[in-house]
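A.B. asks: The structure's right below; bear with me while I get my questions together.
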Amino acid sequence: IMAASKPVEPQSGTGLPRWQLALLVGTPIVLGVGAVYLWNRSRTKERQGKGTGERKTPEGSASPVQGQDGAARANREQENMSPLDRAQAAKNKGNKYFKAGKYENAIQCYTEAISLCPGEQKADLSTFYQNRAAAYEQQMKWTEVVQDCSQAVEMNPRYVKALFRRAKALEKLDNKKECLEDVTAVCILEAFQNQQSMLLADKVLKQLGKEKAKEKYKNREPMMPSPQFIKSYFSSFTDDIISQPLQKGEKKDEDKDKEGEAAEVTESSGYLKAKQYMEEENYDKIISECTKEIESGGRYTAEALLLRATFYLLIGNATAAQPDLDRVINMQDANVKLRANALIKRGSMYMQQQQPLLSTQDFNMAAEIDTRNPDVYHHRGQLKILLDQVDEAVGDFDECILLRPDSALAQAQKCFALYRQAYTGNNPAQVQTAMDGFEDVIRRFPKCAEGYALYAQALTDQQQFGKADEMYDKCIELEPDNATTYVHKGLLQLQWKQDLDLGLDLISKAIEIDNKCDFAYETMGTIEVQRGNLDKAIDMFNKAINLAKSEMEMAHLYSLCDAAYAQTEVARKYGLKPPTL
């Protein structure tokens, strides 16, 4: 498929492909969260491609000594000229060589200008150094570029052109940390208006985030998410044997199965114990009970493998989950529902590892072996949204709805997909149709919290803040222990009323409900950045990093953290701060 074959890291550094979002193994709630982040990303996306023409010319052609005037002056007797005039003349000559592509000659002229220029003429001197750096840049002499730009910046600390040129050279020298500081200073000085410097900052932040996350994720302690998260995860599967409560028959298997051998196995079946623990929300014991079932070769081995893999995925240990999923998928005689469910989960795992082709293969195979399984289409629809294939996503949601007309979740997500398509395609009539669709969904499924949550996000986009707020209140009424909703409601207060205190109160409430809600810490960090409390922000991002559920999510958080850290450094060095709320 087309979008999936795009390279993961575009060369131009145009930032996240849209699907590179931390979609946790198919959680409906997280798709909503992701979508918000997507909007901000896609706004940057839409602005890309517009003029990012780079200035390669040196400075000074706009100085008073220029053109024929400059040539006339240069022809006068040199002794009539002051040292500064002679330096300017040398620079102008250098500019002509530069434009003609004769960089070595240009460098000689700029060097002469530097040696002629009186030391107290700092503004002129900094321009000469910057121009010589531009010539070195053409020769790809990055170390010299950095040295000359540093001279220029020392004499003129807020010299945007020299800072940006140095940032680009530092990137070439693979000095990401200092590159980030320079480009952050440039972004602040340009009030975040220049696409080119924003793209470089974005690119370097992503690279840094990736490197750090790779290291950290390898050595992280696996951690069980909150019970609320786990329940919400399982609720996104309707046709899934392992997440159904224990059947009456399963509880006391002897009645059902009088063949003898099954009876005593069942009494000590690790899988049935694990299911019991599931019902009691005693999640920490599930993996070990499943292992007992698998090692004893019990009759529920396939189920135990799938349940164990699912919990490995939930604690963020994909390496352990994969062999279990592989085994279930390859069990030709296992229940097809188990195999399809394993394919959905492995497909979601591949998506998280940024392997969209493998992911798509798994979902397609699941649809082949279990054509009437609504979960396959529901989760594949979410994948298609992340791959920006909205038409195909809608087709999958339709298929899911056909198989399970009461699937409120699929209906809500279909509306959201149509809404996004209309919104990004700038089609007001279709936006209105999608909004009407949401009204229909919440009327038909008044108990589906996700319907209200996705509608609220669309309303927020449309600046219908009051109504969005009502929708979040409905969500909270239906799911008082869903921390994510409080975070969204908190963000809404900031956008709507610029009410920081209320926003932070709501997000604190989210943390109170679920102290493992990484989204809450991340949002809190973002707000603290905007308030100028960078140290506090960094602390919040670090909390979120320790809770991140995938390497990709962790990389995104490290990027936020590094951005905040770069801003503290810039503030310290240049006394520059970004505009605060």
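Every residue, even glycine, has its Cβ placed from backbone N, Cα and C.
Note that the structure is a prediction, hence the values are computed from the model and not measured.
Here TrEMBL flags 44-58, 248-261 as compositional bias 'Basic and acidic residues'. Per TrEMBL, region 'Disordered' is recorded for 44-87, 245-265. The repeat 'TPR' feature in TrEMBL is assigned to 87-120, 374-407, 449-482, 518-551. Annotated transmembrane segment per TrEMBL: 20-40, in sequence order.
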A.B. asks: According to DSSP, how is the repeat 'TPR' (87-120) divided among helix, strand and coil residues?
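C.D. replies: Tallied per class, the repeat 'TPR' (87-120) gives 27 helix, 0 strand, 7 coil.
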A.B. asks: Which residue counts does DSSP yield for the repeat 'TPR' (449-482) in the helix, strand and coil classes, in that order?
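C.D. replies: Residue counts in helix, strand and coil order: 27 helix, 0 strand, 7 coil.
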A.B. asks: Counting by DSSP secondary structure, give me helix, strand and coil numbers for the repeat 'TPR' (374-407).
C.D. replies: 27 helix, 0 strand, 7 coil
